[in-house]
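Contents: one structure, followed by commentary.
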Amino acid sequence: MTDSGDLCPHLDSIGEVTKEELIQKSKGTCQSCGVGGPNLWACLQCDCPYVGCGESYSDHSTIHAQAKKHNLTVNLTTFRVWCYVCEREVFLEPKPVTPVSSAHRCKPHDQDPVSQTTCYPLKAVPIAVADEEGSESEEDELKPRGLTGMKNIGNSCYMNAALQALSNCPPLTQFFQDCSGLVRTDKKPALCKSYQKLISELWHKKRPSYVVPTTLFHGIKLVNPMFRGYAQQDTQEFLRCLMDQLHEELKEPLFDCSGGISEVEPDLSLDSCNLVDGDRSPSEDEFLSCDSGSGSERGDGERAGGEAELLIQDECVAVRGTGGISEKERLKERRGEERTREMDEDADVDTAAQDGQAERETETATPATAVPAPGNTEPDNEASMHCPSSRPCSPAHSVQELHSRLSSNPPRSSPLRTGPTYTFKKAQMLLSTKKKKQSRFRSVISDIFDGSILSLVQCLTCDRVSTTVETFQDLSLPIPGKEDLAKLHSSIHQSAPVKAGVCTDGYAAQGWISYIMDSIRRFVVSCIPSWFWGPMVTLEDCLAAFFAADELKGDNMYSCERCKKLRNGVKYCKVLRLPEILCIHLKRFRHEVMYSFKINSHVSFPLEGLDLKPFLAKESPSQITTYDLLSVICHHGTAGSGHYIAYCQNVINGQWYEFDDQYVTEVHETVVQNAEAYVLFYRKSSEESVRERQRVVALANLKEPSLLQFYISREWLNKFNTFTEPGPITNHTFLCQHGGIPPTKYHYVDDLVVILPQNVWEYLYNRFGGGPAVNHLYVCAICQVEIETLAKRRKLEIDTFIKLNKEFQAEEAPTVILCISMQWFREWENFVKGKDNEPPGPIDNSKIAVMKGGHIQLKQGADYGQISEETWQYLLSIYGGGPEIAVRQTISPPDTDTHGERKIEAETRAL
């Protein structure tokens with residue numbers, strides 16, 4: 001409860017006012033300028049009926065208060081009370097809030113945090129680093145934060161709902177709050193900085209009523225032109241684009257156990273359990289491969305006065321911000337403030353991998369996509385019709401090589417494709433020795449959201465099994481119909497796999513008449529409530545449909561390498577590694593040739609205890625398989641128009657809230673369970689991880705004197721605080737491969753490390769392994785020399801190129817002009833300008849060359865540049881490669897025709 005000393009002394013000036021009166025006033029306008037709501041302010045002075053606008057307009061409420069000496073005012077949207085004299089929010093009636101069956105407007109000041117925590121305990125409340133400054137009382141910390149709305153800035157509800165759902169994912173939010181020193185990038189538009197600022201505003205202790213995410217909105221438009229303008233977009237496509245860009249800006253090279261930078265491994269085997277993570281960098285191709293590993297994710301703690309101290313507490317106090325916005329609070333601020341790879345010797349991959357390997361290795365930026373259901377490759381929403389994108393690879397870690405894995409991109413279907421058409425060919429990607437060395441990368445995004453699926457295709461003639469591992473960031477699940485449910489339930493009872501193309505037969509090839517009739521039937525059915533025409537569909541049914549076996553026959557026959565011809569086959573998949581946060585996307589949108597429609601079937605989903613063990617591969621290293629719901633995004637409307645909202649569970653008090661743009665409303669959990677889910681976020685749950693953190697807290701509180709103090713990665717410690725499976729300690733977030741501090745990180749190393757007492761370090765090291773142990777921080781001299789050498793090399797190469805190119809431009813008629821691939825040249829340019837730390841591989845002109853008549857010629861429409869012969873020879877001497885392609889060559893002068901001269905001379909002699 002609020003201490004008596006904290007009560008505002010001006011509360012006596014309030015007259016009698018009821019909630020009904022305030023609601024009635026909220027429907028009015030400002031009495032000075034006539035502007036309407038939201039966020040009008042009503043004067044609470046006795047017998048004063050004044051209603052004025054807030055700071056978002058002319059702030060007539062403040063002008064009225066200063067002129068009339070009226071101290072208290074209430075926001076008619078959030079019902080929060082502000083005192084102008086005390087310059088702070090005040091609380092009228094602190095009392096517990098009991099669960100209600102209907103939604104009511106959220107009033108954080110009316111909630112007793114103690115009773116809330118008691119009545120609604122979280123299943124897994126992680127421990128987080130405490131606020132060292134102690135600026136907030138324990139009671140204030142337990143009051144819910146994060147209940148801040150977002151203003152709709154032009155059909156932006158799809159963005160607002162997605163951001164609110166992400167904001168209520170504690171591992172991600174706490175990273176941006178507590179590991180702000182790691183949010184550094186020189187990549188435009190620096191979306192991670194915009195997102196970090198937004199998170200700090202949403203979770204600020206001053207609890208603003210709403211914010212305007214303008215900066216992030218502009219940034220996402222720069223990343224993907226699809227979001228420009230003010231048309232309604234798909235929230236799932238926005239999520240993929242945002243998270244992919246955050247990964248690109250925050251990714252770091254992954255170090256292997258020996259301390260070196262981990263690179264692409266050409267020979268990997270599933271049997272050895274040496275599964276390697278994929279780099280999440282995106283690609284334009286369908287089934288491309290890349291590698292990445294996992295690393296540590298977050299750390300926390302502070303260094304203060306040289307004392308070794310580990311401050312940890314419940315997660316409910318972990319989410320805090322550094323900047324404030326909103327209306328009356330500003331008065332107070334004026335005073336202060338994956339590689340797809342063969343897993344057996346005969347493993348196959350999609351032929352798209354051959355053409356796309358170079359693009360994957362240069363990490364072209366494209367939004368990520370979800371793993372498609374084996375039996376359903378139809379586009380699932382509007383955005384997928386316009387912006388087909390590929391799946392990036394990503395990492396994960398564990399003590400027994402838990403974090404190693406193969407990864408690849410799943411096939412992305414054509415909009416008019418009615419079934420999976422897989423064309424497999426022998427993998428060739430790793431056979432070329434001329435490729436640039438590729439480091440593997442990880443980021444907080446890949447650590448939290450990336451999982452992997454083991455896909456197997458079996459030839460039914462020779463029984464050969466081809467195995468691949470696909471990295472996913474979200475699972476796009478089909479919604480089975482009545483017939484599909486019958487097949488699924490039948491297969492469950494019979495303990496046999498479904499081989500009938502679950503959820504796809506209804507969309508298979510058919511005649512025009514039957515196609516039109518079936519389309520009309522499905523359109524009519526989609527307009528009827530699901531309870532009228534179909535059985536209850538559960539999320540487990542959707543998962544079963546996704547993982548059901550799919551026959552490859554007819555037009556979708558499997559090209560078997562052993563048989564050397566098309567054969568009937570069967571494809572099925574299992575989860576190889578579960579992500580910390582599982583994002584599930586229900587495919588509610590269908591796009592036919594002539595129209596689009598939405599599947600309005602209600603899909604029931606559990607708030608707690610979603611178990612994925614039935615869908616886990618036997619090779620999976622994942623130990624924890626149960627999930628609890630964090631947030632759910634809902635779409636109301638049709639395929640052509642509608643509105644997005646989000647339901648999220650507040651991590652502080654365990655209550656559920658509806659986020660509808662700038663309005664935040666507390667709701668009962670039954671409202672959430674009855675929602676028409678579109679995107680769901682589930683988090684791994686484990687009581688053991690909570691007890692693990694409690695043991696560390698107890699060790700830290702012992703304050704045993706120790707002769708040695710250990711530095712640990714702030715990122716990994718934060719990961720320990722928020723993950724159920726944090727993996728081995730990884731101190732290479734602040735160490736180089738030589739064991740020192742990279743010169744580029746030394747000036748902000750305090751933001752990257754936390755000092756632990758010896759007993760805490762020993763417990764964590766014995767429990768999780770990893771390392772290395774660090775007792776002293778020093779700048780790495782080897783890295784310093786390498787940086788200086790690299791700088792000299794860059795300067796020499798760019799100066800020489802500029803000199804040779806000037807000479808080339810000065811030539812009026814150069815005898816020889818050679819071509820160079822602009823793709824390779826851009827890589828080289830990024831290297832010499834310092835944008836890329838790794839030099840490019842050998843010159844690769846293969847994509848701009850074509851063989852004609854036994855001679856290499858320039859391919860028509862190729863992306864190339866023209867350079868002089870001297871420039872070509874200079875670059876060739878450094879990087880090698882080829883082939884040489886000339887657009888103008890030296891023409892030898894023709895032999896002089898002396899026959900005519902001799903004839904004239906002979907005739908002259910004859911005369």
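Sequential numbering from 1, following the chain as shown.
In case you wondered, yes, glycine gets a Cβ from its N, Cα and C as well.
Remember, predicted model here, so these are calculated numbers, not experimental data.
Per Swiss-Prot, the features are as follows:
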ZN_FING   6-108  zinc finger
BINDING   C8, H10, C83, C86  Zn(2+) 1 binding site
BINDING   C43, C48, H64, H70  Zn(2+) 3 binding site
ACT_SITE  C157  active site, nucleophile
REGION    279-309  region 'Disordered'
COMPBIAS  297-306  compositional bias 'Basic and acidic residues'
COMPBIAS  327-342  compositional bias 'Basic and acidic residues'
REGION    327-420  region 'Disordered'
COMPBIAS  364-374  compositional bias 'Low complexity'
COMPBIAS  405-417  compositional bias 'Low complexity'
ACT_SITE  H643  active site, proton acceptor
DOMAIN    687-780  domain 'DUSP 1'
DOMAIN    789-891  domain 'DUSP 2'
Using all protein chains shown, find which of the binding-site residues C43, C83 scores highest when you count other CB atoms within 10 A of its CB.
C43
For H70 (Zn(2+) 3 binding site), which of these recorded positions sit within 10 Å, Cα to Cα: C83, C86, C157, H643?
C83
Of the binding-site residues listed here (C8, H10, C43, C48, H64), which is spatially closest to C157 (active site, nucleophile) when Cα positions are compared?
C43
Check the Cα-Cα distances from H10 (Zn(2+) 1 binding site) to the recorded positions C43, C48, H64, H643 and tell me which is shortest.
C43
Per DSSP, what is the helix/strand/coil residue tally across the domain 'DUSP 1' (687-780)?
45 helix, 16 strand, 33 coil
Rounded Cα-Cα span from C43 (Zn(2+) 3 binding site) to the residue listed as 'active site, proton acceptor', Å:
34
C8 (Zn(2+) 1 binding site) versus binding-site residues C43, C48, H64 - nearest by Cα:
C43
Cα-Cα separation of C86 (Zn(2+) 1 binding site) and H64 (Zn(2+) 3 binding site), in Å?
17
Neighbour count first, Cβ atoms within 10 Å, every protein chain included; then name which of C8, C48, C86, C157 tops the list of recorded positions.
C157
How many whole Å apart are the CA atoms of C83 (Zn(2+) 1 binding site) and H64 (Zn(2+) 3 binding site)?
13
When DSSP states are grouped into helix, strand and coil, how many residues of the domain 'DUSP 2' (789-891) land in each?
47 helix, 25 strand, 31 coil
For the zinc finger (6-108), jot down how many residues DSSP puts in helix, in strand and in coil.
22 helix, 21 strand, 60 coil
Hey, what's the Cβ neighbour count for H64 (Zn(2+) 3 binding site) at 10 Å?
21
